[in-house]
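Colleague: Here's a structure for you.
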């Protein structure tokens with residue numbers, strides 16, 4: 001039970017509400033259908049982490065409010081989800097990473113007012129305490145001692161001094177009050193207040209000192225003192241200590257109340273504790289008869305938000321409605337954050353559309369939605385929301401500006417990005433490290449290295465200190481651009497700044513090695529990374545898996561076209577000398593050597609990578625490490641494995657890699673293996689379920705998976721299966737606007753997918769011809785011009801399509817004005833399609849059927865021996 005993953009059920013019994021299938025527009029039903037007779041009834045059940053059965057997206061969009069209400073009244077939603085055959089949606093599926101977490105939830109949240117019965121004397125003492133130093137504070141307190149009205153006045157003083165950051169004066173005032181107060185319960189109130197104040201100020205060690213003293217002297221043994229310390233630990237991210245204090249309450253005979261439970265749940269959320277553990281605490285709260293309130297649910301939603309657990313968040317929201325608990329702006333913003341991080345942007349839009357009936361969206365709401373659209377690569381939707389903000393007169397905050405700026409930078413629309421910078425500064429918000437990181441990443445992806453250098457210098461001149469993500473971004477940009485001397489200079493600066501390499505920096509270096517085809521070196525750096533106590537993430541492993549079998553003279557590294565042979569030799573010489581100097585300090589030697597290796601490899605374009613068998617061993621070792629560290633793979637991992645299979649020279653080698661899918665995910669393996677073996681009819685229903693999961697992700701991730709699966713099938717001769725998959729992708733609009741009668745757009749497709757699609761498109765326009773219709777005068781096939789190719793206009797996709805068209809004798813020629821466009825006249829193509837032998841060329845046939853399966857049984861044993 002303890003080892004159950006966070007997305008699995010942790011309760012043995014089934015509750016009545018576990019079968020509730022919530023509709024995506026259930027907000028209307030919740031708003032219009034409150035059960036007043038159940039509003040105050042306690043619900044002491046444990047909450048299951050079981051997943052409701054998936055509902056049809058089309059059906060849910062047309063579900064009426066009355067039907068939704070009826071469903072909600074008959075069954076209750078579970079809080080989370082069971083393990084799905086295919087991994088549930090998560091932010092990692094987009095293949096992106098971030099080292100920062102911006103808490104949007106508390107921004108704009110109305111502050112609660114504390115009603116105290118303090119006297120006007122306390123206010124006079126406060127002013128004198130602020131004007132005088134600590135040495136005079138004792139005299140002030142003594143002179144007003146007879147006039148101060150007990151713990152109420154002293155609590156007021158503590159709180160107000162804390163609000164002004166005067167924690168030392170607050171402690172002095174607390175010590176004075178405790179000495180004068182004889183009643184233990186009043187001393188306990190003062191101790192709880194002081195611990196809480198220090199916790200808010202981040203002075204957790206001082207708070208612990210107050211608590212231990214109070215406990216030792218007999219007035220700290222109260223639920224409120226324990227709750228205050230739990231909250232103090234939670235605010236500073238010490239969730240382990242918070243849970244220990246919570247568990248220790250039983251030893252003192254204390255029963256946690258709602259304040260205690262809210263504090264420990266909030267601490268778990270801030271500390272990234274697994275949702276399973278948080279639900280266990282929540283179950284304990286309910287079984288103890290302690291009723292949750294809005295703060296409880298908001299804290300639980302925050303836990304879901306950090307993990308992208310959108311289904312659990314939706315069920316929590318439903319539970320709030322069922323209990324009659326009001327939702328505030330914090331509730332909605334946190335729910336939206338979880339749903340956006342889960343990639344469910346259409347659902348997020350529906351939630352936001354329903355908000356005005358309960359609470360008006362604010363700048364945080366819009367910032368969350370815009371950020372979600374941006375991460376899903378739905379930039380137009382993000383910009384539309386930005387325009388809506390302006391129309392409604394909602395002023396942008398720093399997060400909004402930075403998100404918007406990042407969108408323009410990713411789109412390469414730098415003039416507009418700079419306009420946003422100017423508008424941001426005009427509103428009194430200076431560019432910060434997040435602003436610069438967005439611009440650096442945007443310019444870097446466009447290969448604008450001079451701008452990267454200028455911005456990096458500018459931010460330091462403006463006294464904006466680069467952070468880990470800044471250095472990781474710049475090193476990554478320079479490394480992938482082949483500017484190894486510059487990358488080494490930035491790394492030296494990074495060391496001088498006293499920063500320690502994190503998972504993002506290591507992942508960037510590993511990715512740079514992989515892009516060069518240096519898989520063994522990447523695995524070696526992975527080992528060093530773990531020895532340094534830095535836990536790799538799924539992105540790190542995906543880079544290595546995806547590098548398998550790629551050409552060691554990677555096209556991606558040569559896209560600058562700006563760096564001459566003389567520059568390369570000069571850079572290599574400079575770097576070699578720099579290495580000799582750096583190695584003397586004994587720090588980060590391995591990373592310094594990497595830059596030298598990259599420079600040497602760049603200078604030697606005739607280099608050869610390690611053998612395929614050796615690379616397979618490296619990749620199998622990577623898989624083993626993922627299992628050991630319990631790194632959960634995502635769709636990008638599966639795509640990388642499929643891509644690696646399609647680059648294998650033999651079916652046996654591919655089988656060894658494909659078997660890893662069985663260990664990671666049986667459904668993905670079943671579909672890939674079944675299609676590869678030619679068993680299309682047997683696995684297509686299972687494949688449809690898999691494609692349903694993939695379609696719900698962002699477009700780039702979904703298309704990458706379809707491309708990888710199709711490439712593998714095409715590579716091993718299962719061409720009909722490849723075409724079946726690619727047409728399914730077209731039907732599901734994985735590639736938008738991929739074809740019309742006049743144009744076939746292949747630029748987002750892989751080589752195998754594009755070739756399968758060419759056959760399907762030509763068959764389609766052939767049917768148009770034989771139905772008696774005329775083709776358009778001009779027909780086009782777009783492949784893109786290969787901006788990442790070693791030679792501009794000579795991309796791998798273009799070459800593959802050109803060879804296919806030539807082999808079929810299709811009358812298409814390369815357009816003179818567009819290096820990535822094949823064109824032909826409609827009448828010419830019509831004549832070719834009417835030729836007797838054309839149909840035979842267009843209909844795909846499998847090169848091999850029902851591949852021998854004898855090797856598959858041996859693979860697992862071979863893997864065990866190798867590892």
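Yeah, the Cβs are placed from backbone N, Cα and C, and that goes for glycine too.
According to TrEMBL:
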type     : residues : note
COMPBIAS : 10-26    : compositional bias 'Polar residues'
COMPBIAS : 27-37    : compositional bias 'Basic residues'
COMPBIAS : 38-77    : compositional bias 'Low complexity'
DOMAIN   : 744-833  : domain 'Smr'
REGION   : 1-92     : region 'Disordered'
REPEAT   : 222-256  : repeat 'PPR'
REPEAT   : 257-292  : repeat 'PPR'
REPEAT   : 293-327  : repeat 'PPR'
REPEAT   : 328-358  : repeat 'PPR'
REPEAT   : 362-396  : repeat 'PPR'
REPEAT   : 397-431  : repeat 'PPR'
REPEAT   : 432-466  : repeat 'PPR'
REPEAT   : 467-501  : repeat 'PPR'
REPEAT   : 502-536  : repeat 'PPR'
Colleague: What else in the chain is close to the repeat 'PPR' (222-256), if you only count residues 6 or more beyond its ends and a Cβ gap under 8 Å?
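Modeller: For the repeat 'PPR' (222-256), the list is 185, 188-189, 191-193, 195-196, 198-200, 202, 204, 207-208, 211, 214-215, 263-264, 266-268, 270-273, 281, 285, 288, 290.
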Colleague: In the repeat 'PPR' (222-256), how many residues does DSSP call helix, how many strand, and how many coil?
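Modeller: In the repeat 'PPR' (222-256), the DSSP-based counts are 27 helix, 0 strand, 8 coil.
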Colleague: Taking DSSP states H, G and I as helix and E and B as strand, how many residues of the repeat 'PPR' (432-466) are helix, strand and coil?
Modeller: 26 helix, 0 strand, 9 coil
Colleague: May I ask for the residues of the chain that lie six or more residues beyond the repeat 'PPR' (432-466) and have a Cβ under 8 Å from a Cβ within it?
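Modeller: Same-chain contacts beyond the ends: 100, 102, 398, 401-402, 405-406, 408-410, 412, 414, 417, 421, 424, 473-474, 476-478, 480-481, 483, 486, 490, 497, 559-560, 562.
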Colleague: What is the number of residues in the repeat 'PPR' (293-327) that are helix, strand and coil, as DSSP sees it?
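Modeller: Tallied per class, the repeat 'PPR' (293-327) gives 27 helix, 0 strand, 8 coil.
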Colleague: On the 0 to 100 pLDDT scale, where does the repeat 'PPR' (362-396) sit on average?
Modeller: 88
Colleague: Which residue counts does DSSP yield for the repeat 'PPR' (257-292) in the helix, strand and coil classes, in that order?
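Modeller: Looking at the repeat 'PPR' (257-292) with DSSP, the answer is 27 helix, 0 strand, 9 coil.
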Colleague: Per DSSP, how many helix, strand and coil residues does the repeat 'PPR' (328-358) have?
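Modeller: When I sort the residues of the repeat 'PPR' (328-358) into the three classes, I find 26 helix, 0 strand, 5 coil.
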Colleague: How many helix, strand and coil residues does the domain 'Smr' (744-833) contain under DSSP?
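Modeller: Within the domain 'Smr' (744-833) the tally stands at 41 helix, 14 strand, 35 coil.
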